Amino acid sequence: LSVPTILTKMGLSEGFWHHEYWLPPGATWEDMKESADIHYPQPQDLLLCLPGALLLIIVRCIFERTVALPLGRRLGVSDKLRPIVQPNATLEGFYILLGRTPKEGDLISLAKQSDLPIKKVETWFRHRRAQDRPRLMKKFCEASWRFTFYFTSFFSGLALLYDKPWFWDHTVCWLKFPQQPLPPALGWFYLLELSFYCSLVATLPFDVKRKDFKEQIIHHIATITLIFVSYCANLIRFGMIIMLVHDASDYILELAKMLHYMKWKQVCEAVFIVFAVVFIISRLVVFPLITYYYFVTKFQLFLISCLINTFLMILQLLHIFWSYLIIQMIFGVILHGAKRKDARSDTEESDRSEAEDLAKNK
């Protein structure tokens, strides 16, 4: 079956899937006809990412409960005691409906309504925010899952590509494009990556929210779009290289987080420096070299390639933003001995203020 035939059966618009939009000049979907021995990417394959994402969420839940949680306890990760929040319907209603941090005028009004001193109202809101902050064990379990996936993804991808000539010589990537048969292993790897990022989007409301939450949403949307589009246009080789470049530093960051939650400060700082070096080289040197040199200057432009370029530029802007945070953290925390705090911290109050509140309650 040819791609147009499959798309028609799926009820998709033939105009939307016109070959001039998706393929370089001179190429058509007829060039990618499947046979018994030769297979090409088919758009309907990507529908498997939905059950794939659900399966990964289930596997994650099982992993965090049966592996990450016991491991965290064994390694000494423990949640700190938090001040008990006294029930108060008036303050709770404001907290849920109007905001977690009331302004001075709101504090005065709430103090009158609840017949409490303003200081008590301020303390109540501070305790209530502390109650909603993710606990250390939750963050450790989340980092453990992501470390496991990124580590497995990177090294399995490396194993799949190390013997491919086009992996080492990127100019070979485009030979006979788009008539590049799809090896089954690469197809499954692509589907796994897409399923994983779809699962991350599905669990965003429940995962630890950090200061770069909006940037993370943009990153996930850009990544899912790039995976989807590159698969349909048979840019599998290019997409595999880009995913491998990204995975090269992700698992190191998650390992540094785990060490941070375990309070292994010196080892954590050493791993974080390794992460910073790998991240900056892979995202600010290798990534733009591959994308802008080989993809932009050596490749015929068409509609979908322009769309891919746009999202690649979005990713590059995010890389620059995160590199700035990383460099700022290295200079501010490690070299100058500043207070250790994750540049993407999800906390609002310091541990010290929390400890003082606990002391007062005892």
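Counting starts with 1 at the first residue shown.
Cβ atoms are placed via backbone N, Cα and C, with glycine included.
TrEMBL tags one of the stretches 185-206, 317-338 as transmembrane segment, and that stretch is 185-206.
Only residues 6 or more beyond the boundaries of the transmembrane segment (218-244), in the same chain, are considered here, and those with a CB under 8 A from a CB of the stretch are 22-23, 32, 40-41, 43, 45-46, 153-154, 157-158, 160-161, 164, 166-167, 170, 173, 177-178, 180, 182, 186-187, 189-190, 193-194, 197-198, 200-201, 204, 287, 290-291, 295, 304-305, 307-308, 311-312, 314-315, 318. Residues in the DNA-binding region (93-136) partition by DSSP class (helix H, G, I; strand E, B; coil) as 32 helix, 0 strand, 12 coil.
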